[in-house]
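S.K.: I have a structure here, written as structure tokens, and I will follow up with some questions on it.
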Amino acid sequence: MEIHLNRVDYIQVGVTSQKTMRLLPAVGKKATQKVAIADHDGILMCFGMKKGEAVPVFKTLPGPKVARMDLGGAVGTPQEKIFVCSGSQVRGFTKKGKQFLTFDANLTESINAMHVSGADLFVCASYIYNHYCDCKDQDYFLSGDKINDITCLSSEKLSCLTPVLACQDRVLRVLQGSELAYDIEVPGPPSVLELFNKDGGDEVLYGTTDGKIGLIQIGDSSAVTKWEIDNDKKKGGILCVDTYDIIGDGVSDILVGRDDGTVEIFSFDSSNEPTLRFEHVLSESVTSIQGGCVGKESYDEILTATYTGWVTGLTTDPQKAEAGPGDEVKMSKETQSKIESLRAELEQLQVKVLQGREQYQQTSQSSTAVSAVPVFSINDKFTLSQDDASYSLTLEVQTAIDNLLLQSDVPIDLLDVDKNSAVVSFSECDSEPNGNFLLATYRCQANTTRLELKVRSIEGQYGTLQAYVTPRLQPKTCQVRQYQIKPLSLHQRMHSIDPDRPMNKLSLVGQLSFAEIHSWVVFCLPEVPEKTPAGDSVTFYFHNTFLGTQLEATYCKGEGHFKSDNISTISILSDVLSKEATKKKINVNMSYDINDESVSHTLRMIHPKLEYQLLLARKVQLVDALKELQVHEGNADFLIPEYRSILDESANLLEEYKKQPAHLERLYGMITDLFIDKFKFKGQNVKTKVSSLLEILDNYDLNSLLDFFNDP
């Protein structure tokens, strides 16, 4: 059964945060529902649809930015009271717009996640969870990593209200009172949680920042993963999830909104497995998604809110087909009057814009003129992608982007992104005196509000990547965003590592506080929480997304121990930590325990990648010559099967080679570093023998390489 949904744009408000749009419960069985939405201007608006027009029910005055919204009410009654949080304050409104609650949580940080259940209010700041009942303090919990979202289960199967926190370290934390009951490992950093059954139950849906979705059944002392959906097609991260029976088969479907603008519907087949049934792409990230009936009675729809505040419906209501050339256009009076009112509104706006421009010109030329810089909002994300060991930089602006300038003081490669239609041009830069390794300009097409880029860094080289964003605004203005490229930038957090690998160890001892060592680990490695962990010691596990090698970091006050199966990782850590200690004038003793077996182990891990890249490079070198032969002979029948297959696959081979610039040089560089680092720890300088190593790599054979490493 195919699902046909038609897009309808209802209204635009200000820039919105994640989960700040909700549908109020319907009054009758088939009646349309009111929509409540809050934005960064602090305005909470509730509207309904009448004759195809959005009619406001109420609208509050501007104030501080609204970060989250939830619906609540007494248990067993319609959940139609609207709760919004701004800063550390929670406000409650009736469905008519009367404010009945102002509650200050007295938190030092802003609330970024909230859940309301009857008289219970659950709020989370970056690392802190608080539970209030009738505005009185109940429970408190300090999380080990950033809290992204919260939900709360009330089920007969569970002994009490059970809060679940989605934390950045790829863990869902299940609480009982102020204590951690247990945690659940998930395949990516969870960004959103939603109850699978809104009327209660013990199942929670989660979505991750790398685009995976899963369902977990929560028990009192343990949890069971029911299913997981991987992100094979490399779509955006999940920002919002809802459940609603849009297909009409009596089973709730899963509605998903992603940060690349994709809206998806997953329904359940007879084996109770989720399958993708519908997909639609909006031009901006989807911050909220709800299933219900808004535009027209009896017609279900998916309602979405986007980053720039567009409220859009995907409705089952069949829209009137557009008339082609030569067809008689028959429009209802309702449609005609709507078009006329839109034309009149457009003319008024054009007059206002002209008046505004004239006024600006006059004031800017007067002797008392003050330059006014237009303020614009940027939503940015800089994340490490495990699949191709690259960083994805996503920039979303509330108005169209004119151009983007990227500058880096560290060597990085820019990779091709299929979704990116901007024209890129590179400028020459002087890496020596100015420390400039990259200057690239992206010129965007009209109405581009979202840009996605991919960069790949080299471990051991660290610095800052800067993005200068210039929107299509007058007068011209620009915002700069900075992103740290860390010394071990390609490492990603894991829950555990393989203990049987041959490990090298670095130990450091000195007059160091726990906070000091933690700040050094934060400086060296991504995905480590900024806040110093609770307790006396901590252990973090990482794996290198490019090579698959591992790292274990264990430290406490006065000492730190780092183990890795890659000598180069230990070498980078040693150099950076020595530099930091010297900078702070702290005396530390470093000791090393080097395992020679780890070198051949690492070379064997590199082997399949290097072999594949060498083969790809050779095939690409042959493509032009083979094409010339084919043109000369008129066909390729005379070629051996291997060469014929290279010709057949030439487009794919060239595409893959283009997508991975400098991949082979990267692998050569890693093997060279490994060679130098192995002998550095033995007190030998082998830089003069690097040319011999490169000769062996050009005529690559694993056994010859292993022999050279043992006896250069």
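The backbone N, Cα and C atoms fix where each Cβ goes, and this holds for glycine too.
Predicted automatically and left uncurated, TrEMBL annotations should be read as such.
For 332-359, the entry in TrEMBL reads coiled coil. Here TrEMBL flags 21-316 as domain 'BBS7 beta-propeller'. Taken from TrEMBL, the feature domain 'BBS7 GAE' applies to 374-483. The domain 'BBS7 platform' annotation in TrEMBL covers 491-593. For 596-709, the entry in TrEMBL reads domain 'BBS7 helical hairpin'.
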S.K.: Provide the three-state DSSP residue tally for the domain 'BBS7 platform' (491-593): helix first, then strand, then coil.
M.R.: 28 helix, 38 strand, 37 coil
S.K.: Can you count helix, strand and coil residues in the domain 'BBS7 helical hairpin' (596-709) using DSSP?
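M.R.: Counting residues per DSSP class in the domain 'BBS7 helical hairpin' (596-709), I get 93 helix, 0 strand, 21 coil.
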S.K.: Which residues of the chain, 6 or more past the ends of the coiled coil (332-359), have a CB below 8 A from one of its CBs?
M.R.: 51-53, 320, 474
S.K.: Can you break down the domain 'BBS7 GAE' (374-483) into helix, strand and coil residue counts using DSSP?
M.R.: 4 helix, 60 strand, 46 coil
